[in-house]
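Written below as structure tokens is the structure these notes are about.
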Amino acid sequence: MGEPATDAWTGPMAWTGPMVVLVGAPGAGKTTVGTQLARRWGVGFRDTDADIEAALGTTVADIFLDHGEEYFRLAERRAVAAALADHRGVLALGGGAVLDAENRTLLAGHRVVYLEVGVSDAVRRVGLARDRPLLVEGPRTRLAALLRARRPLYAEVATVVIDTAGHEPDEVTDLLAAALGPLLAGGSEPDEAADAAGGSEPDEAADAAGGSEPDEAADAAGGKR
């Protein structure tokens, strides 16, 4: 396997911050694909949900249960800021991180990949969702609402959009590596990379989602995952 990170990391346009940031709904495959991509490139993988759990000594589900969503979002904001500042590998954000306007601002200028997933695929992948506090009751209905609300926000922060429908994790990893290779090498523009990856354009994704305003999306989503 090639390692497109090497030249980009040491050359005249060496990048600061994560090589790539993955966003998407629960079931999009951020952790699985991110881990595979990091292994392929020989870099570290980091997940802000795992960072929060390590810092607070408990699970995300228990944080929601014991302290509420507002408390979790504050912890998440701090985790996102810290990871964007000091991680140099592949970074995955929690599904609801884009609800926070400060997080979206922090993502500007980073290579952000939106892993797009449909409701059926997401439900199949998350199962009973015991570790996802906002999906415990009626996961299909809840996921559909989350996707409607968050798609415009994912698209807003995305450099590249990759549709995961019909693809196994290793195939998504291949698409992601192909899309990011030119960007890491300082080559094609983000929209060209998105075309190469088979993903929709961020603006098109937002239009398809109905283009709701960020505040409306946050209200409709009601939480994290």
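Glycine residues also receive a Cβ, built from the backbone N, Cα and C atoms like all the rest.
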Note = Of GLY27, GLY29, GLY95, the one that Swiss-Prot places in the same substrate site as ASP49, ARG73, ARG150 is GLY95
Inquiry  = When you rank ASP49, ARG73, GLY95, ARG150 by Cα distance to GLY27 (ATP binding site), which of the binding-site residues ends up on top as the closest?
reply    = GLY95
Extent of the substrate binding site in Å [max Cα distance among ASP49, ARG73, GLY95, ARG150] = 18
Request  = State which of the following binding-site residues has the fewest other Cβ atoms within 10 Å around its Cβ: LYS30, ARG73, ARG150.
outcome  = ARG73
